[in-house]
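Colleague: Questions regarding the structure given below will be posed in turn.
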């Protein structure tokens with residue numbers, strides 16, 4: 001019996017989140033996409049012979065900061081300074097996250113003044129996240145973490161040790 005991603009991911013919970021019309025959830029999912037986009041395009045823009053390299057480095061740093069903002073579990077398992085943890089904990093509401101993403105988007109939009117590169121995608125994605133958080137803020141929607149996507153190990157259909165032993 002082979003393990004597949006479907007055994008670990010709760011697709012019904014994902015669909016439930018998408019149907020919730022809670023824009024903070026949409027922004028959080030887009031934040032996960034931002035982590036990948038910022039890292040990938042930040043690395044890709046390190047190969048320019050231009051000042052755009054600085055914005056590529058900033059995009060990489062932004063991806064790491066977004067990772068800690070959107071996945072707060074990492075604050076507990078990674079050895080970090082108290083100052084950094086307190087800085088990240090400032091972004092626990094939709095309003096502060098909207099400001100956070102807006103400022104990061106502005107930085108990436110400024111990169112276009114030097115040279116139009118693939119960092120425009122980073123700027124667009126960060127802007128979309130900021131818009132989603134702004135909509136959630138103005139609609140007075142509660143900020144909630146997406147917990148419905150990964151299956152709980154206590155669920156009946158979660159693959160347990162016996163399945164892994166059978167594979168081996």
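For all residues, glycine too, the Cβ spot is worked out from N, Cα and C.
Just lifted these from Swiss-Prot, have a look:
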- 22: N-linked glycosylation site (CARBOHYD)
- 29-49: transmembrane segment (TRANSMEM)
- 51-71: transmembrane segment (TRANSMEM)
- 95-112: transmembrane segment (TRANSMEM)
- 116-138: transmembrane segment (TRANSMEM)
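If you look at the structure here, what lies around each of the features I listed?
Modeller: In the three-state DSSP scheme, residue 22 (N-linked glycosylation site) falls into the coil class.
Beyond its flanks by at least six residues, the transmembrane segment (29-49) meets 17, 55-60, 62-63, 66-67, 69-70, 101, 115, 117-119, 121-122, 125-126, 128-129, 132, 146 of its own chain at Cβ-Cβ distances under 8 Å.
Beyond the ends of the transmembrane segment (51-71), by six or more residues, the same chain brings 28, 31-32, 34-39, 41-45, 78, 80, 84, 88, 91, 97, 100, 104, 107-108, 110-111, 114-115, 117, 119, 122, 126 to within a C-beta distance below 8 angstroms of the stretch.
Outside the transmembrane segment (95-112), and at least 6 residues removed from its termini, the chain residues within Cβ reach (under 8 Å) are 24, 27, 31, 52, 55, 58-59, 62, 66, 69, 119-120, 122-123, 126-127, 129-130, 133-134, 137, 143.
Remote same-chain residues near the transmembrane segment (116-138) are listed as 22-24, 26-27, 30-31, 33-34, 37-38, 41-42, 44-45, 48, 52, 55-56, 59, 62, 93-95, 97-98, 101-102, 104-105, 108-109 (criterion: CB distance under 8 Å, separation of at least six residues from the stretch ends).
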Colleague: Suppose we draw a 10 Å sphere around the Cβ of residue 22 (N-linked glycosylation site). How many other Cβ atoms does it contain, all chains included?
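Modeller: Here the count is 21.
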